[in-house]
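Worksheet for the structure shown next.
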Amino acid sequence: MPTLLHLDSSADLLTSRSRAITATFADTWRSLGDDHTVVHRDLHRDPLPHLTDAALHFPPRLRPAGASPSVAQEALQQLLIAELVAADVLLIGVPLYNYSMPSTLKAWVDYIHLPAVTAPFDDPASQQPLAGRPAVLVSTRGGVYDQGTSTEFDDHALPALTLILASALGMSVETIVATRTLSERFGAPADEIAKQHEELAAANESATRAARRLG
């Protein structure tokens, strides 16, 4: 039974582009058959508590002596990791907030990135259960981040997520990007608005194709 883990993190519940594109992917996934299931976790509507104890950055055997993290948070961490490991494909909506990812998404990352459990520590062969698993990152940005512009390298969300998911967890990461999402709201020139519509259409088409290919 192919399972998609679908994460949304946008605070915009009405006009979010990242939510729209991830919905396109998820709807296409469901259309592939009744056996294609979707586990949807909305990190904005139902935010995870930030870690309250640094000990939770490590599994029990790597924690300092006397560490006693919250039982509830440890149980939540185990649940989130199990949810991720059980998924055949990971889909994340990643709106760019202040040049980085929403704090709600960062909280999820802090729970699931666990050395010796989901990331290599002392036995890489057995500590990367997600190696090769597909992860699709839907990146939406309000401004212009084109190659050659002064803001080209100002997105600090995708690099961080790629480092965690691809380098640490070993997942096969691909990205779908739409920029200029605030162009109409702030009266950008007509050519920029047109470009925004083109990118959004292309992103939705990419989401449809990716869901069919990975499903």
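We number each residue from 1, going along the chain as drawn.
For all residues, glycine too, the Cβ spot is worked out from N, Cα and C.
Whatever TrEMBL says is automated annotation, not expert-curated.
Across the domain 'Flavodoxin-like fold' (3-199), the model assigns an average pLDDT of 93. The feature domain 'Flavodoxin-like fold' is assigned by TrEMBL to 3-199.
Look at TrEMBL and you will find S10, S16, R17, S18, T140, R141, G142, G143 tagged as FMN binding site. For G143 (FMN binding site), the same-chain residues 6+ apart in sequence whose C-beta sits under 8 angstroms from its C-beta are T151, T179, R180, L182. The secondary structure of G143 (FMN binding site), as reduced to three states from DSSP, is coil rather than helix or strand.
DSSP gives S18 (FMN binding site) a helix state. The FMN site is set by S10, S16, R17, S18, T140, R141, G142, G143; from the centre of their CB atoms, other residues of the chain with a CB within 8 Å are D12, P95, L96, S139, A178, T181, L182.
Under the DSSP three-state reduction, S10 (FMN binding site) is assigned to coil, being neither helix nor strand.
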